[in-house]
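Colleague: Just passing along the structure, written as structure tokens.
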Amino acid sequence: MAWSRLVLVLLALTLVCGDEHNHVYEDNDEVVLWMSTVGPYHNRQETYSYFSLPFCAGAKAVISHYHETLSEALQGIELEFSGLDIEFKADISKTEYCEIELSEKNQKAFVYAVKNQYWYQMYIDDLPVWGVVGEAEENNDVVSYYIWAHKKLDIGYNGKQIVDVNLTSENKVKLTQGARIPLSYEVNWKQSKVKFEDRFDKYLDPNFFQHRIHWFSIFNSFMMVIFLVGLVSMILMRTLRKDYARYSRDEEMDDMERDLGDEYGWKQVHGDVFRPAGHPMIFSALVGAGYQVTVVVLSVIIFAILGELYTERGSMLSTAIFVYAATSPINGYAGGGLYARMGGRIWIKQMVLSAFLLPVLVCGTAFFINFIAMYYHASRAIPFGSMVAVTCICIFVILPLTLVGTILGRNLAGTPDAPCRVNAVPRPIPEKKWFMEPLVIITLGGILPFGSIFIEMYFIFTSFWAYKIYYVYGFMLLVFVILMIVTVCVTIVCTYFLLNAEDYRWQWTSFLAAGSTAGYVYVYSFYYFFFKTKMYGLFQTAFYFGYMALFSLALGIMCGTVGYIGTNAFVRKIYSTVKID
Ligand SMILES: *[C@@H]1O[C@H](CO)[C@@H](O)[C@H](O)[C@H]1NC(C)=O
């Protein structure tokens, strides 16, 4: 059972667009109405399976196909057949399909759902359809609850394809205990001029994404980039030139004078600056994972731009998992190579750490939230089969690929190649002003990068937690590029100050200074939670903060790595031109 499922899942993964439909129907072909989820309007991510409310299904039992992909299961998208008989281009007048019996328990469940503004989601030919469960009405201080008992489906077709679906809920019936409520449906087919490629356009909300504000924020960040790059290059060129001049003047003085002279600044630490970072194993694992995350994010954004991934249920997640697995060698190469250059010997441990760092964190969080979800019976609870599949991907795909990368990395990029020799005895780090302490630099480092992305963060959060479909991936790419540039500039400046204070612990400092952007994003997510969402309860809170923590962590590792890469290039550059006596 688990194995056949795994094979299916792997198949679905290899064919990212592996849907059973080709979306072409002949007259009177079967059209399947899938019931997906119900959940409160205020949290898009809290969903329960449709039939967890005591709805009833139609009489039709057999359909010609069924499908499920891993990413759908992971995202809690459960599809259950509605039992309604719908045929392509065949109108159906109002037909009763089943009856709900309102026992005390059922009535309470429905009242609860109506009270909490539950919505349900269905799919027809991959097009999502949303409807409200019911309505509350207040009359002379007495609140009565109603359920919509009739679904009117208007389906638009263009040639042999379905291009538009509208749902109208009618026939409000009061929820009284002991009543029997017949549910009915009706289908009207209409010719439509909408092109098949454009059928998702009506779900997109250009007003929300406010292109003007978007452009404005991009423009703002862009100005900041130009300013920063200018500033960095100016400061560095001028100060570095001055530094070099001072150092070469020093060389002309004799020893006596030099002892009295003002020898200070970054050159002093040339014997320590390429000393391996503390905890090289964790450091190289983080950097390796960071390389991988950066590549994954960049590729997924590009795929999303090219492939309009939002139109396909769960295809975003499938793509991400697939790209993540496929880019494991990058992780191994970067992390393994760095670890070898730092003189690390326990490379197998480093490789396993590198390969499993993110998967374990993600699965750990998901497992924890799953635990709560199972308690609340949310459809978010990830099925056991999917967990097995994910574990298998980690062990049988990610690990071997990382191994290949690590071996290549250690052999091709593993020889130390620092431009300066490392002294045997570490130099003591002198006392310095409080704002030169690594901790302060780390905290301040994230502010500017965060400033360049927080508007985009608002859009991304909203599309994840509320009913908005994110589709402006071009903006996302721009913001991503800007973020990378700002991060690199800021960390270079931070590192210059740190080294000038004769503190040579720049590796971790640059990584963390860049990564602290994520700390600000996490703090921002608190603001978002309390002021922009209406979530409540243990499950929603744990769910929100758990996944936000994961998101921030991945962002932090990514920014940290990019900051470290930039700084590393900078440090090598300035020390390679200095003459060491
Ligand atoms: C669905 O509703 C929209 C907006 O009211 C309308 O333009 C469209 O024609 C409707 N589609 C069908 C198939 O009735």
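Cβ coordinates come from backbone N, Cα and C, glycine included.
Here TrEMBL flags 1-18 as signal peptide. The transmembrane segment annotation in TrEMBL covers 215-237, 282-307, 319-340, 352-376, 382-404, 439-461, 473-499, 511-530, 542-565.
Distances, neighbours, how buried they are, the whole picture for these features please.
Modeller: Long-range contacts of the transmembrane segment (215-237) within its own chain (CB-CB distance under 8 A, at least 6 residues past either end) are made by residues 448, 451-453, 455-456, 475, 478-479, 482, 485-486, 489-490, 492-493, 496.
Distant neighbours of the transmembrane segment (439-461): 209, 213-214, 217, 221, 224-225, 228, 470, 472, 475-476, 479, 482-483, 486-487, 490-491, 494, 497-498, 509, 512-521, 524-525, 528, 532, 559, 563; these residues of the same chain sit at least 6 beyond its ends, with a Cβ under 8 Å from one of its Cβ atoms.
Residues 209, 214, 218, 221-222, 224-225, 228-229, 231-232, 235-236, 239, 266, 269, 273, 297-298, 301-302, 304-305, 436, 438, 441, 444-445, 448-449, 452-453, 456, 460, 505-506, 509-510, 513-514, 517, 559, 562-567, 570-571 of the same chain, all 6+ positions outside the transmembrane segment (473-499), place their C-beta atoms under 8 angstroms from a C-beta of that stretch.
Outside the transmembrane segment (511-530), and at least 6 residues removed from its termini, the chain residues within Cβ reach (under 8 Å) are 283, 286-287, 438, 441-447, 449-450, 453-454, 457-458, 461, 483, 487-488, 490-491, 494-495, 541, 544-545, 548-549, 551-553, 555-557, 559-564.
When Cβ-Cβ distances below 8 Å are used as the criterion, the transmembrane segment (542-565) is approached by residues 45-46, 286-287, 289-291, 293-294, 297, 358, 361-362, 365, 368-369, 372-373, 380, 445-446, 449, 465, 483-484, 487-488, 490-491, 507, 510-519, 521-522, 525, 529, 533, 535 of the same chain, each at least six residues removed from its ends.
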Colleague: Short question: most Cβ pairs under 8 Å with the transmembrane segment (319-340), which of 282-307, 352-376, 382-404?
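Modeller: Between the stretches 282-307, 352-376, 382-404, 282-307 has the largest tally.
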